[in-house]
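The active site, nucleophile feature in Swiss-Prot is assigned to 80. Residues annotated as Ca(2+) binding site in Swiss-Prot: 40, 80, 313, 314. If you look up Swiss-Prot, you'll see 128, 251 marked as substrate binding site. Look at Swiss-Prot and you will find 108, 166, 193, 262, 375, 413, 498 tagged as N-linked glycosylation site, backed by sequence analysis. The signal peptide annotation in Swiss-Prot covers 1-22, and the record cites sequence analysis as its basis.
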């Protein structure tokens with residue numbers, strides 16, 4: 001505990017160091033070093049007011065003071081692997097074809113880090129990567145492939161909380177701390193000796209909820225797990241209990257998600273508040289790991305020469321809209337943190353432009369002075385955060401006034417497309433006709449409780465036309481539908497005679513085993529209905 005408090009005090013002390021040093025740093029002879037820290041499941045709204053009032057995040061606040069924070073940053077796909085594939089490739093999800101957690105980039109895909117290495121950067125990666133194909137559980141894959149099947153099965157256990165009643169327990173997520181230690185040691189023992197600039201990536205699993213190993217009724221449940229040390233960083237009075245629409249009034253895709261996540265039952269206000277409090281405590285632990293990197297850079301006299309970027313692959317619903325996890329275009333799931341500080345980055349700047357994770361790739365190359373490829377979906381963020389960029393009109397024209405996010409994975413029974421503009425969020429599904437779209441005015445309805453698509457048909461039509469100009473989403477949906485069938489058939493054939501037993505014992509086993517033949521028949525019927533994506 002003492003060491004952590006020393007770290008926090010040191011961080012506060014850093015805020016008053018080197019006044020006016022930004023102009024000198026940007027003129028440094030060699031390209032700056034770059035550190036990218038990416039956590040999992042971090043709600044971006046916690047990095048600015050009023051969300052920032054609910055939990056103490058001293059190092060994120062330090063980055064806000066010393067750098068630029070993007071107030072409207074979004075994931076390009078609110079699930080781990082597809083989101084990270086977009087970030088490492090600079091391409092939208094329909095271009096990477098990273099449809100679910102099983103299908104990501106080819107292991108040999110050229111990432112921004114590969115390009116920087118070819119241009120003289122020393123490179124290193126630690127922790128969670130999760131952007132290549134072939135990972136995650138069988139259950140996760142099968143649930144994604146069969147989301148179009150005409151059945152409704154609970155795929156998750158009821159979300160839970162678990163508290164370590166120890167005020168001195170700081171290192172709760174041991175694996176993340178171990179990876180943070182590795183990154184710090186690399187900075188101390190390797191990076192400090194380099195004459196060339198370096199780029200290092202640290203991937204954290206927090207504040208992603210933990211899988212529960214327990215059997216019984218809540219087998220497979222996700223657990224929000226923390227200690228008293230971190231829970232005391234949370235302002236419980238500031239925790240907001242989210243409003244829920246009645247089950248009968250939920251959008252059909254939302255209802256499917258809520259049901260498969262086992263969230264359609266009764267939850268007390270205490271349960272909901274605990275889940276949210278424990279989640280925020282996990283965010284505080286994440287912030288401390290980010291702080292270890294910042295403090296190491298400071299102690300090694302590298303902070304003045306290094307651009308530090310912090311973001312997350314997606315957010316966490318934490319019981320908003322009667323759901324946990326992500327897999328949704330609602331703000332808690334799709335809105336991510338994005339902060340930058342270092343040489344040439346304007347201090348104390350808050351950027352309201354909409355940006356997304358595909359912008360990381362061109363930003364990295366721009367920092368290194370490397371020409372940008374023409375095929376990227378993203379745009380460099382340096383013009384929006386630079387100390388020296390003066391032409392505001394030109395800045396607005398550099399990054400388009402919209403971002404695209406899409407989802408094709410498990411727990412959602414239709415391909416989903418989100419277009420975020422100034423204050424509008426438009427969400428289209430599947431072929432654009434079979435499922436009602438959603439439109440939210442975030443300026444008057446930040447909690448996204450009122451779908452105004454019918455109320456404002458002209459805006460709905462205009463945004464749908466814009467979405468069509470970016471992506472032929474009915475065709476993409478058909479392609480994903482066909483991919484799901486093909487992959488399921490391959491998997492089923494690989495299982496052979498054990499198929500019935502294996503599929504009955506995946507995460508949905510409690511519901512499946514009540515009527516196994518009914519659900520197998522539903523899959524058989526689905527497989528008989530073939531689609532040709534080229535016909536759309």
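Glycine is treated like the rest: Cβ placed from N, Cα and C.
Small disclaimer: the values here were computed from a predicted structure and weren't measured.
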Task: For residue 313 (Ca(2+) binding site): intrachain residues, at least 6 apart, with Cβ closer than 8 Å - done: 38, 39, 40, 41, 75, 80, 83, 84, 87, 130, 336, 357
Open item on the list: On a C-alpha basis, identify the one among 128, 251, 314 that is nearest to residue 375 (N-linked glycosylation site); the candidates are the binding-site residues.
Closed with: 314
Task: Cβ-Cβ neighbours of residue 413 (N-linked glycosylation site) (radius 10 Å) - done: 22
- [ ] Fill in the CA-CA distance, residue 498 (N-linked glycosylation site) to residue 262 (N-linked glycosylation site), as an integer in Å.
- [x] 27
- [ ] Would you pick out, from the glycosylation sites 108, 193, 262, 375, 498, the residue whose Cβ has the largest number of other Cβ atoms within 10 Å?
- [x] 262
Task: Those residues of the chain, 6+ apart, with a Cβ under 8 Å from that of residue 166 (N-linked glycosylation site) - done: 227, 228, 229
Task: residue 413 (N-linked glycosylation site) versus binding-site residues 128, 251, 314 - nearest by Cα - done: 251
TODO: Calculate the distance in Å between the alpha carbons (Cα) of residue 262 (N-linked glycosylation site) and residue 251 (substrate binding site), and round it to a whole number.
DONE: 16
Open item on the list: Around the Ca(2+) site formed by 40, 80, 313, 314, which additional residues qualify by having Cβ within 8 Å of the site's Cβ center?
Closed with: 41, 75, 78, 79, 83, 84, 130, 208, 312, 326
Open item on the list: A 10 Å Cβ contact count, applied to the binding-site residues 128, 251, 314: which residue has the minimum?
Closed with: 251
Task: residue 80 (active site, nucleophile) CB neighbourhood, other CB atoms within 10 A - done: 26
Open item on the list: Measuring Cα to Cα, how many Å separate residue 193 (N-linked glycosylation site) from residue 128 (substrate binding site)?
Closed with: 26
TODO: Kindly assign residue 498 (N-linked glycosylation site) to one of the three DSSP-derived states: helix, strand or coil.
DONE: helix
- [ ] Would you mind reading off the Cα separation of residue 314 (Ca(2+) binding site) from residue 128 (substrate binding site), to the nearest angstrom?
- [x] 14
- [ ] Looking only at C-alpha atoms, tell me how far residue 108 (N-linked glycosylation site) is from residue 251 (substrate binding site), rounded to the nearest Å.
- [x] 40
